[in-house]
Amino acid sequence: MAGGGPLFLLLWLFSAGVLLSCEASVHDYGSRRFAVKGNAFVLHGGSEGLYTAAPSPNSSAPASGNSFIRFEKITFRRPKEAAAKQKNAGTVKAIIFEVEDRKNIGGSAYGGQRAICCTADLAKLGACTQGTIIYRHSDHSPDWPQVLSASFKGSNPEATLPSKTIQITRTGMYNLYFIFCDPSLEGLQIQGKTIWKNPTGYLPGSMRPLMKFYGLMSLAFLMLGICWFSQYARFWTEVMPVQNCITLVIALGMIETTLWYFEYAELNHTGIRPKEITFWAVTFGAVKRTVSRVLVLIVSMGYGVVRPTLGGLTSNVTLLGGTFFGASEILELVENVGAVSDVSRKPRLFLALPVAVLDAFFIIWIFTSLSKTLKRLQARRMSGKLEIYRKFTYALIVTVLVSVACIGFELYFKATDAYGERWRSAWIISALWQVLSFSLLCAICALWAPSQNSMRFAYLDDGSEDFDQEDSRSLIKPLPYSYKDSWSFSVSSDVKRMRKFDTAAPKDDENEEEKTE
């Protein structure tokens, strides 16, 4: 435990840093910086799915139930050197467009490289004015994209965007970018925020189905918990160690799904992501996934059924579970405890890779252990336990096959939807994994449900189910098969019969001697 202290301290500090920087449908730009994209300086202001709302009778203010994007006190500050050298120079624009109109932003001369700011070649063609941002109006609506401008005047180092509310009258994925083309404004700072709202609340459109989904999942866990805990309380004297682990997983699932529901509900109501609820939802989810995988692994090893302890494997299982928890916790914090807009793909891939590798290690170890357990049960003709483990194997095989199909679907979905055009279906990916893990949990609950005959499938210390030494030895270092161990096991029953025969032999000899006399 002493060696794991720095790891958990680092994890906690990272978590605190993510919590302090998280946002929601209220996009705050206080710590953001412009990035160079081609010949322009760009800052991504947000991307959210917004649903259509009926137009408000009063166009000056959004009515309740309308979708809108509102700009509030957005100010740009240029460096003092730039303000002193160039007066009345520099303009920053905020451009809002629907993802289907993304090709209307920027242009190219003679089919060359696409540029956001007008180049000299494009200016010669009369397509635009050099140094300005290139955009064309949408074919669907002449009012889009929406463009707001802030210009620097005199030596004033600040320029302010006009506060404005833009009504959304067409369902789609909307993107906001702040752009300037003047290189003298490099180092520009931004302050202020935008507020994005859907007809039913501040929850982004891609997250809205998840609130209902987690509400249903919390009810499903509640029903499963009622059924399981009633059996657990009824036959508590017959409970096996494995069933205690199942009880813990059900309790963690109930807490996790409930926290996610309230997290989305709070975000939908206030527009600000509740940092504490999100953190604990992520943490309980990481704990549940870790305990679930460890549970499947130790069941595959036969813990509580064909062996009383894990023996020398305990430290290895603990190390694998602790590493998986740390990697999963960090990945989920980055993906969920942050801004609504997606984080860049590179850090997500970097953080997702260790989780994928550890998952693969879990799967290999599970099926390797399960194969050994099945062979031993079959060799010892334990038909009751063997039947349960065969059903458990079938459930795992189906789960792995469905998981592979889900991974393929997720890769295809993300590869063919780079711009988020299918945002209304994105929630299905998260829902699939939740449903799959819940289905496997239900299958395990059905196989190991507490009953009056539970102890019939528990480990019995009769000397015939001692697997600890062999498994520990094979995991640490492969050794050749011991003839001495095999001989001692195979002849043990013969020795017992020989001993019985030897003790009976003198009596027979004595009877024969009496008869001869």
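Yeah, the Cβs are placed from backbone N, Cα and C, and that goes for glycine too.
According to TrEMBL, the feature signal peptide maps to 1-24.
Summarising the annotation, TrEMBL assigns domain 'GOST seven transmembrane' to 209-454.
Residues 239, 243, 246-247, 250-251, 253-254, 257-258, 260-261, 264, 427, 430-431, 434, 438, 441-442, 445, 449-451 of the same chain lie 6 or more positions beyond the ends of the transmembrane segment (213-233) yet place their CB under 8 Å from a CB of it. Summarising the annotation, TrEMBL assigns transmembrane segment to 213-233 (among others).
Tertiary neighbourhood of the transmembrane segment (245-262): same-chain residues 210-211, 214-215, 217-218, 221-222, 224-225, 228-229, 232, 274, 277, 280-281, 284-285, 287-288, 291-292, 294-295, 298, 434, 438, 441, 444-445, 448, selected by CB-CB distance under 8 Å and a gap of 6+ residues from either end. If you look up TrEMBL, you'll see 245-262 (among others) marked as transmembrane segment.
Sequence annotations record features per position, and here TrEMBL assigns transmembrane segment to 349-371 (among others).
The annotation transmembrane segment is assigned in TrEMBL to 392-413 (among others).
Note on the transmembrane segment (425-449): residues 206-207, 209-210, 213, 217, 220-221, 224, 227-228, 231, 240, 242-243, 246, 249-250, 253, 257, 289, 292, 295-296, 299, 388, 391-392, 395-396, 399, 402-403, 406, 409-410, 413, 417, 457 of its chain, located 6 or more positions outside it, place their CB under 8 angstroms from a CB of the stretch. Under the heading transmembrane segment, TrEMBL lists 425-449 (among others).
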